[in-house]
Every structure is written in C-alpha cells, then in structure tokens.
Amino acid sequence: MKLTWMMIVAVLFLTAWTFVTADDTRYKLENPFLKARNELQKLEASQLNERGCLDPGYFCGTPFLGAYCCGGICLIVCIET
C-alpha cells in the first residue's frame, strides 16, 4: 500500500515538474538539449559574422591559417570561387 502511494506521488511530481519546466505546454514539450544546441549554433554563427572577411584580391596569409575570405578560398590572396 505504501509503495502504491509512493509511486502515485512520484508520477504526479514528475508530471508537474515536466509542465513547470516546459517553455510552452499548450503546443508541445521541447527538449531542452535541442534548444541549447540551437542557441549555441546561433551564437557561433553570429560570432563568425562579427569577425569579418576579406574581399577577393586582398592578402589573406597562408591557406587555412590566414584570414577568412568572403565567398572564396585563401591562396595567399583571396580568390573568388
């Protein structure tokens, strides 16, 4: 009997916890790990945009170690692809 009540209380607690921690319980329950991953990807993309890039014809340094070329590759100078 005690085990039954303990199981009922545990299920009610976990259900309440799920609804309290969900962002929007009316439509769907979101996976917090996927949400965190998407936010991290957005952060990385915004940091790449802030870094800036070089136009074709500008010196970029050694390939793969130099500066980032806009819409091209780096072979000592930025080359359009």
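In case you wondered, yes, glycine gets a Cβ from its N, Cα and C as well.
Features of the protein shown, as given by Swiss-Prot:
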type     : residues    : note
SIGNAL   : 1-22        : signal peptide
DISULFID : Cys53-Cys70 : disulfide bond
DISULFID : Cys60-Cys74 : disulfide bond
DISULFID : Cys69-Cys78 : disulfide bond
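Calculated from their C-alpha atoms, the gap between Cys78 (disulfide bond) and Cys60 (disulfide bond) amounts to 6 Å.
A Cα-Cα distance of 5 Å separates Cys69 (disulfide bond) from Cys53 (disulfide bond). In this structure, the disulfide-bonded residues Cys53, Cys60, Cys70, Cys74, Cys78 were compared by how many other Cβ atoms lie within 10 Å of their Cβ, and the smallest count belongs to Cys70. Taken residue by residue with DSSP, Cys69 (disulfide bond) is part of a strand. For the pair formed by Cys70 (disulfide bond) and Cys60 (disulfide bond), distance between Cα atoms is given as 11 Å, rounded to the nearest Å.
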